[in-house]
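Asks: Take this structure first; my questions come after.
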Amino acid sequence: MTTTVPRTGRPRLARFVKTRYDKARDRQVLLGPETVVTLNPTGADILALCDSTRTVDEIVDELGRRYDRVVDDEVEAFLAKLVARRWVEIPDE
Amino acid sequence: MSDQLLDGPLGVLAELTHACPLSCSYCSNPLELTKRSAELTTDDWRRVLDEAADLGVLQSHFSGGEPLLRRDLADLVGHASGLGMYTNLVTSAIGLSRPRAEALRDAGLDHVQVSIQADEPVLSDRLAGISSFEKKIEAARLVKELGWPLTLNVVLHRQNIDRIAAILGWVEELGADRVELANTQYYGWALRNREALLPSREQLEHAEKIARETRERLRGRTDVIYVIPDYYAEYPKPCMGGWGSRQLVVGPEGNAWPCLSAHELPLPRANVAEHDLAWIWRESPLFTAFRGTDWMPDPCRSCDRREVDLGGCRCQAFQLTGDMTRTDPVCVLSPDRHLVDEAVAAANDPAAAPAAGATSGPEPVLVPMPAVRPHRAD
């Protein structure tokens, strides 16, 4: 099953997951039921922008500006993975 | 994004009490249950959580016995939550009233795991030793109503494994987010009752097929986790992801352990009243005893799989052979594998018990009789 990421959808973290800074290991992590996922810096930036107000397109634009490169595929693949695990939700418009 | 083995423990399992309204024959608590009067106080637990956070613990699991029997549960959940931990309640759900649940939600509890013994009251209540099925279903609904993610924990064994389809029916009906179908691990109480609990190969194949089909059908809605019984495997499990590697357990009396069952091993104790968790984790003889691969005897020492399964389970080695340094007898390369094969052969003997809710056949020989009275006020 492939997960599609609608570009006009507004992603948000599922209610039961949290992201936080893990001081002991100096990195961002995502915490969920029986789950600790280490986020790379790009992943952490993407999730920080998943605030249910920005669309996927706007997140891509914002990160493209920030990193000065094209991040379309990266953002889409990352979100698809998290949506498939139900850690990120993209409600229907 | 990667799941990595990080330094320091990621999770702490706080076994707040051994008291429990249930008396399951596969209970993971020690054969000698800690008395209520010997339990850590609220302040002790707060300190343990502080020290765990300093060590890098990100998740706290409140368990027991029945953690709801501790009147300070919401207080401790609130403390862990305030430390930024992801907080998880592992409960029989007996005692999870609406006011209690609301207090836990207000304290910041993130996730609830409710144990389910069977799909219907008669078998469930027989396995739990108390009338509890309807209360569990009601409490599971309350968990969802209050907006928590719900995990149902099902320990599978000879007497309930044939009911797996109907149990999964409840998973769907209740809208559970996760279900852990975990075959019984044969330590402590379960080892004493193994004859009554170990399923046949035919039972397992049936259960695995249904678990696989259901996992596919519920994909995207419910995570179906199926933990295989290691007696039927060729190689042992990498127990706890390695000794003293990712998790630590603190018992009701303050003894810290690398895993749930390690209290049976002849190793020096490490108690949070005498040492801080950092010393216990990094330096105690208990936590360093089997860390890494240097301790391994053959056949593990020279085995290609030594970094895969890390020698398997120390508790299983000890309980089956009397020597905790031996290769896990579950491994087909272990000189002790016959100990496991004999138990498996007995479970598959056609003359052995009728299973699945039958009233004849081997019965558990020994069940825990935990205290049930509430914790004294601190």
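Please read every residue number as a count from 1 along the shown chain.
Cβ atoms here come from the backbone N, Cα and C positions, even for glycine.
Grabbed the feature section from TrEMBL, which reads as follows:
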- B:Cys20, B:Cys24, B:Cys27: [4Fe-4S] cluster binding site (BINDING)
- B:6-221: domain 'Radical SAM core' (DOMAIN)
- B:351-378: region 'Disordered' (REGION)
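Walk me through the surroundings of each of these features.
Replies: The Cβ neighbour count for B:Cys27 ([4Fe-4S] cluster binding site), using a 10 Å radius and every protein chain shown, is 22.
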Asks: If you average the pLDDT over the domain 'Radical SAM core' (B:6-221), what number do you get?
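Replies: Mean model confidence (pLDDT) across the domain 'Radical SAM core' (B:6-221) is 95.
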Asks: Taking 8 Å from the centroid of the Cβ atoms of B:Cys20, B:Cys24, B:Cys27 as the cut-off, which other residues in that chain fall inside it around the [4Fe-4S] cluster site?
Replies: B:Leu22, B:Ser23, B:Tyr26, B:Ser28, B:Asn29, B:Gly65, B:Ala128, B:Gly129, B:Trp189, B:Val367, B:Pro368, B:Pro370
Asks: Counting all other Cβ atoms within 10 Å across every protein chain shown, which of the binding-site residues B:Cys20, B:Cys24 scores highest?
Replies: B:Cys20
